[in-house]
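Pulled from TrEMBL:
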- 51-62: compositional bias 'Polar residues' (COMPBIAS)
- 38-74: region 'Disordered' (REGION)
- 231-253: transmembrane segment (TRANSMEM)
- 273-292: transmembrane segment (TRANSMEM)
- 313-333: transmembrane segment (TRANSMEM)
- 339-356: transmembrane segment (TRANSMEM)
- 377-394: transmembrane segment (TRANSMEM)
- 400-418: transmembrane segment (TRANSMEM)
- 430-449: transmembrane segment (TRANSMEM)
- 461-480: transmembrane segment (TRANSMEM)
- 487-508: transmembrane segment (TRANSMEM)
- 520-544: transmembrane segment (TRANSMEM)
Amino acid sequence: METELINSLSRQEEEIPSLLSYVQSRVDGFDVIHISSSENSLSQVPEDKNATQNPMPENTNFNHHERTTSISMPSSPSLYLLEQRTNPSLHNEIPSPVNFFGLPPRKSNAEKVDPNKKTRFYSQPMETKQKSSDNVMGFDAMVTQNRMGRNHGLRDNRYDTFKTWSGKLERQISNLRGKPQELPEIARSETPQTARVPEVDRFFDALEGPELDRLKKSEELVLPENKKWPFLLRFPVSTFGICLGLSSQAILWKNLATSPPTQFLNVPLSVNLVLWCISISVLAILAVIYLFKIIFYFEAVRREYHHPIRVNFFFAPWIACLFLAIGLPPSIAHNLPHFLWYILMTPFLCLELKIYGQWMSGGQRRLSKVANPSNHLSIVGNFVGALLGASMGLKEGPIFFYAVGMAHYVVLFVTLYQRLPTNETLPRELHPVFFLFVAAPSVASMAWANISGEFGHGSRIAYFIALFLYASLAVRINFFRGFRFSLAWWAYTFPMTGAAIATVRYSIEVSNVFTKSLSVVLTVISTLTVTVLLITTVIHASVLHDLFPNDISIAITNMPSKKIRHDLYATDVESGNSGESK
């Protein structure tokens, strides 16, 4: 009997997979083979005439594959139970299964199945990991990939380095809208090395160029290089240079309409009003955008502030406010309250105490290290403030700022002329910043004229310096060609307009055909320059969408990358080996 049983089991194993031969489902009637009494190839044990021990009773009910282990199956009912539900008469036709292992008889399936009782099915979740053999992706993985494709920019945690509390607020809003709370990370997590603001020497090590706006080949960025960053991260503080060009035009056309030497032009004051309204609107829009950058990406603003060159542009919005106060149309107000001047000059005093102190004893931030034509912006504010204060009737305050500005302007002027021959020259893209040399002496001449009450010798000396610098730059044709448009082009506008305003003021003291003609020529040049640049800026911003590229200057790592350290180590090893060989 045992021999025949073994042969029967061996034949069964050839027909049924080994897993299903020894594993049983926990669901009653599921994965159970029912065999009639006439079939004994698989389930029925053949008779053994010689077997007198342990006789088996006839029609004994046995279950096939009775084990306590279960396998993962799809959560769907079997066809057998569905038929039992629809046709209960099948219960009588189903014979009892046979148990091969001599276990005590159990209740038949017909006795257990209750048509009125709901059947429960237990299953395990199907595996969704991608198989390396056939590269098949599960359904959940495909859904996750689609979510990553739709929300790629929001989910890249490299931007979290620059986010402030807005990152938590953004996640809370996403949860309220029913979006998943956490999505898979697709970039490396932020580390303390990338979260901290780099030191000033780190900017010099990672960046190159006079404006420190080009990444060295051996460096890596914190943010992705192959895609466009969020708009606020690409919006630099240097954009406020647009406000300087527009607001200075409002002052120019106000002087043309009110100055006696230019009365023959019959310029209406409405031009000054229109330009003033446009200027204040642009300043308000740019200020709101940068305020959002401060709120949402404060770390990016901190990096701009610690940048040795970019920090000078933090004077630009306050200088634009001073210009708007000077160019205020008479139809709006004739006199401004004195407290307004103190409010506007307070930011200048705070910034100058920090920057001028660093120029003297700032280590890597000393003036001989960071000297650049952009530093003129930190000087011009003193002269513009002195000009506004003197026109409002103030005495001591304007003289104080004029003296501070003149002292540091002389130092900066000499430093820029005495730069070491090994220093890199400005590339063509930054040639417009050379015109900032003209801005400071032009405004200084008008400021001293208002302080002293006349366009005397001091004012004329400053004006002639500005006029000579203007002419020396204008005759160099290479300064106006060979480079693509960028925000740096707005550096042309403010100095050109300042020279035109100073010329109009000078023509009041020296009124002749030459000074009047020079006033008209400089006015036309500055107005055309501002108009062309404004139209070009709008086209690049709204049509070409290339006005704000990725701001590489703020995306450097706090520490040198592993690649750099490896290269330095290899260099040291090579130098050591060469020294030993010698």
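Any Cβ shown, glycine's included, is placed from N, Cα and C.
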Are the transmembrane segment (313-333) and the transmembrane segment (400-418) near each other by the rule of at least 3 C-beta pairs under 8 angstroms (pairs 6 or more apart)? no
Remote residues contacting the transmembrane segment (430-449) - C-beta distance under 8 A, at least 6 residues beyond either end: 209-211, 372-374, 376-377, 379-380, 383-384, 386-387, 390, 398, 402, 405-406, 409, 413, 416, 455-456, 458-463, 465-466, 469-470, 473, 478-480, 483, 488-492, 494-496, 498-499, 501-502, 505-506
Does the structure show the transmembrane segment (231-253) and the transmembrane segment (339-356) touching, where I'm treating 3 or more Cβ pairs under 8 angstroms (sequence separation 6 or more) as a contact? no
Report, as numbers and ranges, which residues of the same chain sit near the transmembrane segment (377-394): CB under 8 Å and 6 or more residues beyond its ends. 312-313, 315-316, 318-319, 322-323, 325-326, 335-336, 338, 341, 344-345, 348, 351-352, 355-356, 401-402, 404-406, 408-409, 412, 436, 439-440, 443-444, 446-448, 450-451
Same chain, outside the transmembrane segment (339-356) by at least 6, Cβ under 8 Å from its Cβ: which residues? 311-312, 314-315, 318, 321-322, 325, 378, 381-382, 385, 388-389, 392, 394, 397, 401, 404, 408
